[in-house]
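Data first, discussion second: the structure below is written as structure tokens.
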Amino acid sequence: RALLAGRGHDRWFDKSFTLIVFSNGKLGLSVEHSWADCPISGHMWEFTLATECFQLGYSADGHCKGHPEPSLPQPQRLHWDLPEKIRLSISLALRGAKTLSGNIDCHVFPFSHFGKSFIKRCHLSSDSFTQVALQLAHFRDRGEFCLTYESTMTRLFLEGRTETVRSCTREACNFVRAMEDKEKTEPQRRALFRLAVEKHQALLKAAMSGQGVDRHLFALYIVSQFLHLRSPFLDQVHSEQWQLATSQIPVQQIHLFDVHNYPDYVSSGGGFGPADD
């Protein structure tokens, strides 16, 4: 939460990213999303961690190795000359930012019962496995299904960014209902679970290869707005609310050190802060 929102006035969203260092020595990134997607900044972060610890290293007394580089520009404190007439607007903006950040409820917890290696040994996609599990968790929590958004990459294409995978499929719903039905057997549930995972994986591959629907529909909506053409269908699609917005941020994209021997040096990953006006 501190990385995402800070204190309402110490995050620079006009910059590509903000490097945040805490008093206890921990640090992280707050990345503005428009210039790149999560795996890009994640790749940079992993490279930085691996280079710092396994190539550069530290001296016995905890200082950085190497020699000072005096030609680098020194940090400078920014002094602002604020006209009196905008001070009220700044105060109102700060109050609004603090209200928004106060509404963020962030929970980060480790899950150590099993990991993606176990899932892959079952010949299942770890991402699809998690998405189907999210459907079961949401249904048990809310008692209903919901429109679910998962972003995926379209980097197979020049300047490709993202496409949407709609994770709440008929197959996922069938599995969830089977889990809640005491008459269903374990083999039946496992079979339905595998079907749900395979369906999600098929949708994921389709979206990555340019066969998704949401970016296409969004482009049609933008064109209709530009041409002042009313489309009830596009209006309905655009107004749909995503109750679950999910995203995976891959870790271990690079292999600069042995993650099995040094598990504490694996990046903690990141989080996506979706905004809905």
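Note: Cβ is positioned from N, Cα and C throughout, glycine not excepted.
Here's what TrEMBL has on this protein:
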| type | residues | note |
| --- | --- | --- |
| DOMAIN | 5-275 | domain 'Choline/carnitine acyltransferase' |
| ACT_SITE | His33 | active site, proton acceptor |
Averaged pLDDT, computed only over the residues in the domain 'Choline/carnitine acyltransferase' (5-275): 89
Local backbone state of His33 (active site, proton acceptor), from DSSP in three classes: helix
